[in-house]
Amino acid sequence: MSVKKEIFGIHPSGKEVYKFEIVNKQGMKAVITNFGAILISLFVKDKKGNFQDVVLGYDSLEEYLDNHPMFGATVGRNVNRISNAKFELDGKTYLLDKNRGNHNIHSDKEHGFHKVIWDFEITGENSVCLSYLSCDMEQGFPGEVYIKMTYTLTETNGLILSYFATPNKRTILNVTNHTYFNLGENIFSTEFCIHAKSFTPVDEDIIPTGEIREVKNTPMDLTKYSFIKDRLNSNYHQLQIEKGYDHNYVLDHPHTGFRLIAQTRSMKSGIHMDVYSDMPGMQFYTSNSLKNTIGKNGVVYKKYDAFCMEPDYFPNAINTKGFEKPIFDSNKNFISTTMYQFY
(Lines of atoms letter the chains of each structure in order from A and count residues from 1; the text may use other names and numbers.)
(Lines give C-alpha, C1' and ligand atoms only; values in the text may rest on other atoms or scores of the structure.)
Protein backbone atom coordinates (compact mmCIF):
# COMPACT_ATOMS: atom_id res chain seq x y z
CA MET A 1 0.00 0.00 0.00
CA SER A 2 1.35 3.42 -0.89
CA VAL A 3 0.38 7.06 -1.44
CA LYS A 4 2.03 9.14 -4.16
CA LYS A 5 1.71 12.94 -4.39
CA GLU A 6 2.36 15.07 -7.47
CA ILE A 7 1.39 18.48 -8.83
CA PHE A 8 -1.89 18.37 -10.76
CA GLY A 9 -1.76 21.98 -11.96
CA ILE A 10 -1.65 25.64 -11.02
CA HIS A 11 -4.90 27.24 -9.85
CA PRO A 12 -5.82 30.71 -11.25
CA SER A 13 -5.01 32.04 -7.77
CA GLY A 14 -1.42 30.94 -8.31
CA LYS A 15 -1.60 28.11 -5.78
CA GLU A 16 -0.34 24.65 -6.60
CA VAL A 17 -2.97 21.90 -6.71
CA TYR A 18 -2.00 18.30 -6.06
CA LYS A 19 -3.27 14.87 -6.92
CA PHE A 20 -2.75 11.78 -4.81
CA GLU A 21 -2.57 8.16 -5.94
CA ILE A 22 -3.38 5.45 -3.41
CA VAL A 23 -2.58 1.91 -4.55
CA ASN A 24 -3.29 -1.29 -2.62
CA LYS A 25 -1.53 -4.65 -2.91
CA GLN A 26 -4.14 -5.93 -5.39
CA GLY A 27 -3.32 -3.05 -7.74
CA MET A 28 -6.57 -1.15 -7.21
CA LYS A 29 -5.85 2.57 -7.44
CA ALA A 30 -7.71 5.72 -6.35
CA VAL A 31 -6.65 9.13 -7.68
CA ILE A 32 -7.79 12.19 -5.71
CA THR A 33 -7.14 15.92 -5.94
CA ASN A 34 -7.24 18.53 -3.20
CA PHE A 35 -9.11 20.81 -5.59
CA GLY A 36 -12.71 20.20 -4.60
CA ALA A 37 -11.77 17.01 -2.73
CA ILE A 38 -12.55 15.34 -6.05
CA LEU A 39 -12.19 11.66 -6.93
CA ILE A 40 -10.51 11.73 -10.35
CA SER A 41 -10.07 8.02 -11.11
CA LEU A 42 -10.71 4.62 -9.58
CA PHE A 43 -9.04 1.63 -11.23
CA VAL A 44 -10.73 -1.72 -10.50
CA LYS A 45 -9.93 -5.18 -11.87
CA ASP A 46 -12.52 -6.66 -14.26
CA LYS A 47 -13.36 -10.31 -14.92
CA LYS A 48 -10.49 -10.59 -17.44
CA GLY A 49 -7.94 -9.34 -14.93
CA ASN A 50 -7.58 -5.92 -16.55
CA PHE A 51 -7.91 -2.69 -14.60
CA GLN A 52 -10.72 -0.35 -15.63
CA ASP A 53 -11.24 3.23 -14.52
CA VAL A 54 -14.83 3.04 -13.26
CA VAL A 55 -15.47 6.76 -12.67
CA LEU A 56 -16.02 9.65 -15.06
CA GLY A 57 -13.81 12.73 -14.95
CA TYR A 58 -11.27 14.93 -16.68
CA ASP A 59 -7.56 14.83 -17.45
CA SER A 60 -6.63 18.33 -16.29
CA LEU A 61 -7.17 20.80 -13.48
CA GLU A 62 -8.33 23.37 -16.03
CA GLU A 63 -11.29 21.18 -16.95
CA TYR A 64 -12.24 20.71 -13.29
CA LEU A 65 -12.37 24.49 -12.82
CA ASP A 66 -15.67 24.35 -14.71
CA ASN A 67 -16.90 20.78 -14.08
CA HIS A 68 -20.57 21.52 -14.67
CA PRO A 69 -21.58 17.83 -14.25
CA MET A 70 -19.67 17.82 -10.92
CA PHE A 71 -17.65 14.69 -11.72
CA GLY A 72 -16.22 13.16 -8.55
CA ALA A 73 -17.09 16.24 -6.52
CA THR A 74 -17.43 16.60 -2.78
CA VAL A 75 -20.67 18.56 -2.55
CA GLY A 76 -21.46 21.00 0.24
CA ARG A 77 -22.60 22.63 2.26
CA ASN A 78 -25.86 21.06 1.11
CA VAL A 79 -26.23 18.47 -1.61
CA ASN A 80 -29.32 18.34 -3.82
CA ARG A 81 -32.30 20.72 -3.95
CA ILE A 82 -33.63 23.49 -1.74
CA SER A 83 -36.95 24.84 -2.99
CA ASN A 84 -37.18 28.51 -3.95
CA ALA A 85 -33.49 28.81 -3.02
CA LYS A 86 -34.27 29.80 0.55
CA PHE A 87 -34.86 28.37 4.00
CA GLU A 88 -35.68 29.55 7.50
CA LEU A 89 -33.62 28.73 10.56
CA ASP A 90 -34.22 30.11 14.05
CA GLY A 91 -36.59 32.75 12.71
CA LYS A 92 -34.23 34.08 10.05
CA THR A 93 -34.58 33.57 6.29
CA TYR A 94 -31.47 32.66 4.31
CA LEU A 95 -31.28 33.21 0.56
CA LEU A 96 -29.25 30.94 -1.71
CA ASP A 97 -28.18 31.06 -5.33
CA LYS A 98 -31.04 30.37 -7.75
CA ASN A 99 -29.02 28.06 -9.97
CA ARG A 100 -31.73 25.66 -11.16
CA GLY A 101 -34.69 27.71 -12.29
CA ASN A 102 -36.21 29.25 -9.18
CA HIS A 103 -34.50 26.72 -6.93
CA ASN A 104 -31.09 25.85 -5.55
CA ILE A 105 -29.13 22.69 -6.29
CA HIS A 106 -25.86 21.63 -4.65
CA SER A 107 -25.59 24.92 -2.71
CA ASP A 108 -23.37 26.95 -5.05
CA LYS A 109 -22.11 25.36 -8.26
CA GLU A 110 -19.54 28.13 -8.72
CA HIS A 111 -18.25 28.50 -5.14
CA GLY A 112 -19.14 25.21 -3.44
CA PHE A 113 -16.83 22.75 -1.72
CA HIS A 114 -15.97 21.29 -5.15
CA LYS A 115 -14.53 24.62 -6.33
CA VAL A 116 -12.09 25.37 -3.49
CA ILE A 117 -8.57 24.20 -2.67
CA TRP A 118 -8.51 21.99 0.40
CA ASP A 119 -5.60 21.56 2.80
CA PHE A 120 -4.23 18.03 2.85
CA GLU A 121 -2.42 15.50 4.99
CA ILE A 122 -1.26 12.02 3.99
CA THR A 123 -2.43 10.06 7.02
CA GLY A 124 -0.70 6.74 6.57
CA GLU A 125 -0.01 4.46 3.66
CA ASN A 126 -3.61 4.17 2.51
CA SER A 127 -5.43 7.47 3.15
CA VAL A 128 -5.47 11.18 2.42
CA CYS A 129 -7.24 13.65 4.72
CA LEU A 130 -8.50 16.87 3.15
CA SER A 131 -9.74 19.82 5.21
CA TYR A 132 -11.39 23.17 4.57
CA LEU A 133 -12.65 26.08 6.65
CA SER A 134 -15.92 27.46 5.28
CA CYS A 135 -16.62 31.01 6.45
CA ASP A 136 -19.83 32.30 7.99
CA MET A 137 -22.41 32.99 5.24
CA GLU A 138 -20.32 31.28 2.58
CA GLN A 139 -22.71 30.10 -0.15
CA GLY A 140 -25.46 31.83 1.87
CA PHE A 141 -25.38 29.46 4.86
CA PRO A 142 -24.92 30.63 8.45
CA GLY A 143 -22.00 29.65 10.63
CA GLU A 144 -18.35 28.88 10.19
CA VAL A 145 -17.73 25.21 9.39
CA TYR A 146 -14.49 23.27 9.60
CA ILE A 147 -14.74 20.08 7.57
CA LYS A 148 -12.45 17.10 7.16
CA MET A 149 -12.97 14.60 4.37
CA THR A 150 -10.80 11.47 4.26
CA TYR A 151 -10.34 9.04 1.38
CA THR A 152 -9.14 5.58 2.47
CA LEU A 153 -8.39 2.63 0.19
CA THR A 154 -8.55 -0.77 1.88
CA GLU A 155 -6.60 -3.91 1.05
CA THR A 156 -9.93 -5.61 0.38
CA ASN A 157 -10.78 -3.20 -2.47
CA GLY A 158 -13.03 -0.78 -0.64
CA LEU A 159 -12.92 3.00 -1.02
CA ILE A 160 -14.05 4.72 2.18
CA LEU A 161 -15.18 8.36 2.26
CA SER A 162 -15.33 9.79 5.79
CA TYR A 163 -16.81 13.19 6.63
CA PHE A 164 -16.44 15.14 9.87
CA ALA A 165 -17.68 18.73 10.04
CA THR A 166 -17.87 21.10 13.01
CA PRO A 167 -19.97 24.29 12.79
CA ASN A 168 -19.71 27.11 15.33
CA LYS A 169 -23.47 27.69 15.32
CA ARG A 170 -26.70 26.18 14.01
CA THR A 171 -26.61 25.58 10.29
CA ILE A 172 -27.44 23.09 7.55
CA LEU A 173 -24.91 20.39 6.65
CA ASN A 174 -25.63 17.68 4.11
CA VAL A 175 -22.38 16.63 2.45
CA THR A 176 -21.83 13.79 -0.03
CA ASN A 177 -19.84 12.81 -3.10
CA HIS A 178 -21.08 13.14 -6.68
CA THR A 179 -18.98 10.49 -8.43
CA TYR A 180 -20.34 9.12 -11.71
CA PHE A 181 -19.73 5.38 -11.93
CA ASN A 182 -19.42 3.36 -15.12
CA LEU A 183 -18.74 -0.29 -14.34
CA GLY A 184 -18.80 -1.32 -17.98
CA GLU A 185 -20.19 0.21 -21.21
CA ASN A 186 -23.22 2.11 -19.81
CA ILE A 187 -26.04 1.78 -17.30
CA PHE A 188 -27.98 -0.62 -19.52
CA SER A 189 -25.45 -3.43 -18.99
CA THR A 190 -25.56 -2.87 -15.24
CA GLU A 191 -27.98 -4.36 -12.72
CA PHE A 192 -29.06 -2.31 -9.72
CA CYS A 193 -30.35 -3.23 -6.28
CA ILE A 194 -31.27 -0.55 -3.73
CA HIS A 195 -32.22 -1.52 -0.20
CA ALA A 196 -35.23 0.77 0.05
CA LYS A 197 -38.93 0.01 0.13
CA SER A 198 -39.89 3.67 -0.42
CA PHE A 199 -38.78 6.78 -2.27
CA THR A 200 -39.66 10.48 -2.28
CA PRO A 201 -41.63 11.45 -5.43
CA VAL A 202 -40.78 14.78 -7.05
CA ASP A 203 -42.60 17.52 -8.93
CA GLU A 204 -41.69 18.83 -12.39
CA ASP A 205 -38.76 20.77 -10.89
CA ILE A 206 -37.37 17.63 -9.19
CA ILE A 207 -38.39 18.98 -5.77
CA PRO A 208 -39.79 16.29 -3.41
CA THR A 209 -43.52 16.66 -2.91
CA GLY A 210 -43.28 15.58 0.72
CA GLU A 211 -44.85 12.20 0.04
CA ILE A 212 -43.04 9.00 0.93
CA ARG A 213 -44.26 6.40 -1.55
CA GLU A 214 -43.76 2.64 -1.59
CA VAL A 215 -41.78 1.35 -4.56
CA LYS A 216 -43.79 -1.89 -4.71
CA ASN A 217 -45.47 -2.49 -8.09
CA THR A 218 -43.72 0.51 -9.67
CA PRO A 219 -40.61 0.86 -11.89
CA MET A 220 -38.93 2.46 -8.87
CA ASP A 221 -38.72 -0.96 -7.20
CA LEU A 222 -35.06 -1.97 -7.17
CA THR A 223 -35.24 -4.14 -4.07
CA LYS A 224 -33.96 -7.02 -6.23
CA TYR A 225 -31.24 -6.88 -8.88
CA SER A 226 -32.81 -5.32 -11.97
CA PHE A 227 -31.90 -3.93 -15.37
CA ILE A 228 -33.51 -0.53 -15.92
CA LYS A 229 -33.51 0.09 -19.70
CA ASP A 230 -37.13 -0.97 -20.21
CA ARG A 231 -38.22 0.99 -17.15
CA LEU A 232 -36.93 4.25 -18.63
CA ASN A 233 -39.37 3.78 -21.50
CA SER A 234 -42.33 3.19 -19.20
CA ASN A 235 -45.19 5.66 -18.85
CA TYR A 236 -44.58 5.97 -15.10
CA HIS A 237 -44.68 9.72 -14.57
CA GLN A 238 -41.79 9.92 -12.11
CA LEU A 239 -39.44 8.48 -14.74
CA GLN A 240 -40.81 10.67 -17.51
CA ILE A 241 -39.99 13.96 -15.78
CA GLU A 242 -36.27 13.67 -16.60
CA LYS A 243 -36.38 10.50 -18.71
CA GLY A 244 -34.50 8.69 -15.99
CA TYR A 245 -33.90 8.25 -12.29
CA ASP A 246 -33.04 11.33 -10.25
CA HIS A 247 -34.71 10.32 -7.02
CA ASN A 248 -34.05 9.99 -3.33
CA TYR A 249 -34.57 6.51 -1.94
CA VAL A 250 -35.74 6.13 1.67
CA LEU A 251 -33.21 3.59 2.84
CA ASP A 252 -34.17 0.61 4.96
CA HIS A 253 -33.13 0.53 8.63
CA PRO A 254 -32.40 4.23 9.17
CA HIS A 255 -30.45 5.26 12.27
CA THR A 256 -28.95 1.80 12.63
CA GLY A 257 -25.48 2.92 11.60
CA PHE A 258 -23.21 1.82 8.79
CA ARG A 259 -24.98 -0.75 6.61
CA LEU A 260 -25.32 -2.11 3.08
CA ILE A 261 -27.63 0.23 1.14
CA ALA A 262 -27.16 -0.63 -2.55
CA GLN A 263 -25.54 -3.14 -4.89
CA THR A 264 -24.57 -2.98 -8.56
CA ARG A 265 -22.97 -5.35 -11.03
CA SER A 266 -21.94 -5.11 -14.66
CA MET A 267 -22.55 -8.06 -16.94
CA LYS A 268 -19.97 -6.68 -19.40
CA SER A 269 -17.01 -6.23 -17.04
CA GLY A 270 -17.96 -8.58 -14.22
CA ILE A 271 -17.31 -5.78 -11.74
CA HIS A 272 -19.54 -5.67 -8.64
CA MET A 273 -19.90 -2.62 -6.41
CA ASP A 274 -21.66 -2.57 -3.04
CA VAL A 275 -22.46 0.73 -1.32
CA TYR A 276 -22.45 1.14 2.46
CA SER A 277 -23.53 4.22 4.42
CA ASP A 278 -25.01 5.49 7.67
CA MET A 279 -27.28 8.06 6.01
CA PRO A 280 -31.12 7.89 5.83
CA GLY A 281 -31.39 8.48 2.09
CA MET A 282 -29.59 7.97 -1.20
CA GLN A 283 -29.98 9.89 -4.45
CA PHE A 284 -29.93 7.57 -7.46
CA TYR A 285 -29.13 9.46 -10.66
CA THR A 286 -28.74 7.93 -14.13
CA SER A 287 -26.80 10.79 -15.79
CA ASN A 288 -29.91 12.02 -17.58
CA SER A 289 -28.34 15.43 -18.26
CA LEU A 290 -24.98 14.34 -19.68
CA LYS A 291 -24.64 15.77 -23.19
CA ASN A 292 -21.56 14.78 -25.18
CA THR A 293 -19.11 15.90 -22.51
CA ILE A 294 -15.46 15.27 -23.40
CA GLY A 295 -13.77 13.50 -20.51
CA LYS A 296 -10.61 11.55 -19.74
CA ASN A 297 -8.57 10.38 -22.72
CA GLY A 298 -10.92 12.25 -25.06
CA VAL A 299 -13.82 9.90 -24.36
CA VAL A 300 -17.22 11.47 -25.03
CA TYR A 301 -19.62 10.95 -22.11
CA LYS A 302 -23.26 10.68 -23.13
CA LYS A 303 -26.65 10.39 -21.48
CA TYR A 304 -27.01 7.14 -19.49
CA ASP A 305 -23.27 6.43 -19.62
CA ALA A 306 -22.96 6.45 -15.83
CA PHE A 307 -24.84 6.56 -12.54
CA CYS A 308 -24.46 8.27 -9.18
CA MET A 309 -25.31 6.83 -5.77
CA GLU A 310 -25.16 9.68 -3.26
CA PRO A 311 -25.94 8.90 0.40
CA ASP A 312 -27.53 11.94 2.03
CA TYR A 313 -30.37 13.48 3.97
CA PHE A 314 -33.53 13.84 1.90
CA PRO A 315 -33.59 16.67 -0.68
CA ASN A 316 -35.22 19.91 0.49
CA ALA A 317 -35.51 18.42 3.98
CA ILE A 318 -35.15 21.83 5.60
CA ASN A 319 -38.37 22.99 3.89
CA THR A 320 -40.37 19.75 4.03
CA LYS A 321 -42.60 18.74 6.92
CA GLY A 322 -41.85 15.23 8.15
CA PHE A 323 -38.34 15.02 6.68
CA GLU A 324 -35.42 14.77 9.08
CA LYS A 325 -33.66 18.15 9.17
CA PRO A 326 -29.89 18.20 8.57
CA ILE A 327 -29.32 20.84 11.24
CA PHE A 328 -26.06 20.81 13.20
CA ASP A 329 -24.33 23.09 15.71
CA SER A 330 -21.25 23.36 17.91
CA ASN A 331 -22.55 20.52 20.09
CA LYS A 332 -23.63 18.31 17.19
CA ASN A 333 -21.07 17.52 14.49
CA PHE A 334 -21.88 16.24 11.02
CA ILE A 335 -20.33 12.76 10.85
CA SER A 336 -20.88 10.33 7.99
CA THR A 337 -19.13 7.45 6.25
CA THR A 338 -19.65 5.93 2.80
CA MET A 339 -17.88 2.91 1.36
CA TYR A 340 -17.81 1.70 -2.22
CA GLN A 341 -16.76 -1.96 -2.03
CA PHE A 342 -15.60 -3.71 -5.23
CA TYR A 343 -15.24 -7.37 -6.08
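Backbone N, Cα and C define each Cβ position, glycine as well.
TrEMBL entries are annotated by machine, without manual review.
Remember, predicted model here, so these are calculated numbers, not experimental data.
TrEMBL annotates Asn80, Arg81, His178, Thr179, Tyr180 as beta-D-galactose-binding residues; of Asp136, Asp221, Asp230, Asp246, the candidate listed for that same site is Asp246. Spanning the residues Asn80, Arg81, His178, Thr179, Tyr180, Asp246 that the record associates with binding beta-D-galactose, the maximal Cα-Cα distance equals 18 Å. Residues near Asp246 (beta-D-galactose binding site) in space but far in sequence (CB under 8 A, at least 6 apart, same chain), listed by position: Val202, Ile206, Gln283, Phe284, Tyr285, Thr286, Asn288.
All protein chains shown were included, and the count of other CB atoms within 10 Å of the CB of Tyr180 (beta-D-galactose binding site) stands at 25. Listed binding-site residues near Glu310 (active site, proton acceptor): His178, Thr179 (candidates Arg81, His178, Thr179; Cα-Cα distance within 10 Å). According to DSSP, Tyr180 (beta-D-galactose binding site) is assigned to coil rather than to any helix or strand.
Secondary structure at Asn80 (beta-D-galactose binding site), as computed by DSSP, is coil.
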